[in-house]
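A.B. asks: Pulled these from TrEMBL:
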DOMAIN    12-218  domain 'YjeF N-terminal'
BINDING   Asn62, Asn63, Gly64, Gly65, Asp66, Gly128, Phe129, Ser130, Phe131, Ser132, Gly133, Glu134, Asp157  (6S)-NADPHX binding site
BINDING   Asn63, Asp124, Ser160  K(+) binding site
Amino acid sequence: MAALRTLGPKAAAALDEELMSTGAYSIDQLMELAGLAVSQAMFALSPPQKTPKILVACGPGNNGGDGLVAARHLYHFGYQPTMYFPKQTKNELYQRLRTQLEHLKVPFTDDFIGAAGKSDYIIDAIFGFSFSGEVREPFPAVIRALAEGEVPVLAVDAPSSWNIEDGPPKDGPGKGYNPHALVSMTAPKPLVKWFKGRHFVGGRFVSQEIAEKYGFDVPPYQGSDQVVEIGSHGERL
Ligand SMILES: NC(=O)C1=CN([C@@H]2O[C@H](COP(=O)(O)OP(=O)(O)OC[C@H]3O[C@@H](n4cnc5c(N)ncnc54)[C@H](OP(=O)(O)O)[C@@H]3O)[C@@H](O)[C@H]2O)[C@H](O)CC1
Ligand SMILES: [K+]
C-alpha cells in the first residue's frame, strides 16, 4: 500500500495559518484537538493500569501546548501525569492550560532526569515542525536523556531535535534518539522516512478539500477515534 503523503514544515505552518484565518478555527481549538489525539495515542499504546506515571516534557511553542492539553486528558483517563515545562512563554493561553492542570493537582517539576527515572512513559512535546538549528538551553540534557534513557517515549509530531525534512541529527544531544512511538499531527512530516517505531496520525477535523490543497491524505480513522495507527514511514496498515 502506498504511504500517506507527507507535509513539509512550510506547508504545515501555512496549513495552520489557513485553518486559523479562512478556516475560522482558534489556536485553542486546534491545540485541544491535537492534545486529545496525543492522549488517545498514549491510551492505544498502553492503558493507565499498565503505565500510570507519564512525564510530559513541554517546549515553549505549540508542540508544548499540545503536551499541556494531552496531560489534562490523560489525567481524566486515569493516568498520573507530571509536567516538565521549563520555558513558559507569557502567552495567556499557556497560562490557562497550566492553571487547568494545577487545579487537577498535576505536579510540575524542574528535575526532568529525576522525574524520568520514576516514570512509566514519557511524552516528548518539546519541539515540533518549527524546530531548527542546534538544540539550545535548557533542552540539550533533556534531549540526551530521551536518546539514552530506558523509559519508552511517545513523540508529538516529531522526535525533538530531528530536522523536519532531513531526519535524525548526526551528532549532538539527539544523536541516536529514536522514540518508541510518534503521533503525527494532521499528516506525517518528511522525517518519518527515518522513523522506526509505532506511528499514529491525529487531527480528525480537516476536510478532504483542504487535504487536497496541501497535498496530504486524510487517513482512515475508525469509529469515533481521533487517531489511527499507520506504518513507521506512513504506510497504510
Ligand atoms: N493541526 C496541527 O497539526 C496543529 C499542530 N500544532 C502543533 O504545533 C507545532 C508547531 O508549533 P510551533 O509553535 O510553530 O513550533 P514548535 O512548538 O515546533 O517550536 C517552536 C519553539 O521551539 C523553540 N525552538 C526552535 N528551535 C529551537 C532550538 N534549536 N533550540 C531550542 N529551542 C528551539 C522556539 O523557541 P524560541 O526560544 O526561539 O522562542 C519556539 O518557541 C506542531 O508541531 C504541532 O505539534 C498546533 O497545536 C496547532 C494544530
Ligand atoms: K516533539
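Glycine residues also receive a Cβ, built from the backbone N, Cα and C atoms like all the rest.
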A.B. asks: So which binding-site residues out of Asn63, Asp66, Gly133, Asp157, Ser160 are up against ligand 1, CB under 6 A?
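C.D. replies: The ones that qualify, in sequence order, are Asn63, Asp66, Gly133, Asp157.
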A.B. asks: Around Asp124 (K(+) binding site), how many other CB atoms lie within 10 A of its CB?
C.D. replies: 29
A.B. asks: Which binding-site residues, if any, among Asn62, Phe129, Gly133 have a Cβ under 6 Å from ligand 2, given in order along the chain?
C.D. replies: none
A.B. asks: For each of Phe129, Phe131, count the other CB atoms within 10 A of its CB; which of these binding-site residues has the top count?
C.D. replies: Phe129
A.B. asks: On the Cα atoms of Asn62, Asn63, Gly64, Gly65, Asp66, Gly128, Phe129, Ser130, Phe131, Ser132, Gly133, Glu134, Asp157, which are listed as binding (6S)-NADPHX, what is the maximum pairwise distance in Å?
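C.D. replies: Site span for (6S)-NADPHX, by Cα atoms: 22 Å.
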A.B. asks: What three-state secondary structure does DSSP assign to Asp124 (K(+) binding site)?
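C.D. replies: DSSP call for Asp124 (K(+) binding site): strand.
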A.B. asks: Return the member of Asn63, Asp124, Ser160 nearest to Gly133 ((6S)-NADPHX binding site) in space, with distance defined Cα to Cα and candidates limited to these binding-site residues.
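C.D. replies: Of all the candidates listed, Ser160 is nearest in space.
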A.B. asks: Nearest of the binding-site residues to Phe131 ((6S)-NADPHX binding site) by CA-CA distance, picking from Asn63, Asp124, Ser160?
C.D. replies: Ser160
